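Below: one structure, written as structure tokens.
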Amino acid sequence: MEDKNQTVVTEFLLLGLTDHPYQKIVLFFMFLFVYLITLGGNLGMITLIWIDPRLHTPMYFFLRHLSFVDICSSSSVVPKMLCNIFAEKKDITFLGCAAQMWFFGLFEAAECFLLAAMAYDRYVAICKPLLYTLIMSQQVCMQLVVGPYAMALISTMTHTIFTFCLPFCGSNIINHFFCDIFPLLSLACADTWVNKFVLFVLAGAIGVLSGLIIMVSYICILMTILKIQTADGKQKAFFTCFSHLAAVSILYGTLFLIYVRPSSSSSLGIYKVISLFYTVVIPMVNPLIYSLRNKEVKDAFRRKIERKKFIIGR
């Protein structure tokens, strides 16, 4: 047996996005601005839904959890990324890396299933309006929220355990801005085909299962909309689903490019850009999509502003 002098990795070094000093300044303030908008937009959405009784419906119950998931997924990556931009040593501990990968994967997988639950909610609201309150009971809504977290927990726990049980005995430099699974697998001192196969199967299963629920729901919704006689009725039904369709298209498109495509199909630079999109941009965009295209949210916000002006003016 060949004797190898190997060093066990106890921490990782993140290369980040750039070493150019001016680019660092621009990126820091840009990502800080985006992160603050993400926190403000999603916390604002959660608060508005919480305090306005007219928004205490299943649709906004799911939207509140979607905003929570967006805050958590962004917060698992962005603060550490901001700290590392100007850091001399962009290190992260072995356990810290595992925790970051676990939390981010958990909330991203949960978001996929939450979007599927929201699609089912829209299906019931448009296709079975008379049975809506009966079908979408409080118990069913809780199950449709707990289920995504449970399935995401199982999937992410599997990936994290499989990844961090691998031996890391060579380079500890991760050519990325956070602990993502593909850059980590490239550092392992063992064959990772099992990990990649499990990742492909589980990520594919999450995408296919949630995607099928969304697709079937919207096929039924489309068929129902086409049967509506009035143009106003069709327009109202369409705009009810527009925000959700936009959020689904953005998230699933980026996650498909990252996790389901073959690893050699794009360069590392494009991989980082796509990763930035779903770690930084999507959590910021979601509350904007759901508020700007949603009359009920805009009306609720307007009512709170007018009430505040009335109280101040008294």
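Here the Cβ of each residue, glycine as well, is placed from N, Cα and C on the backbone.
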Query raised in the report: Taking the topology from Swiss-Prot, would K196 and A231 be on the same side of the membrane?
Result: no
Report summary line: According to Swiss-Prot, the cysteine among C165, C169, C179 that forms a disulfide bond with C97 is C179
Query raised in the report: Per the definition of 3+ C-beta pairs under 8 A with sequence separation of 6 or more, do the transmembrane segment (197-217) and the transmembrane segment (144-164) touch?
Result: yes
Report summary line: Long-range CB partners for the topological domain 'Extracellular' (189-196) (under 8 A, at least six residues beyond its ends), listed in sequence order, are 6, 159, 162-163, 166-170, 181, 263
Query - Contact between the transmembrane segment (25-45) and the transmembrane segment (168-188) (3 or more Cβ pairs under 8 Å, separation 6+) - result: no
Report summary line: Note: vs the transmembrane segment (144-164), the recorded stretch with the largest number of Cβ pairs under 8 Å from 98-118, 238-258, 269-289 is 98-118
Query raised in the report: Which residue counts does DSSP yield for the topological domain 'Cytoplasmic' (218-237) in the helix, strand and coil classes, in that order?
Result: 17 helix, 0 strand, 3 coil
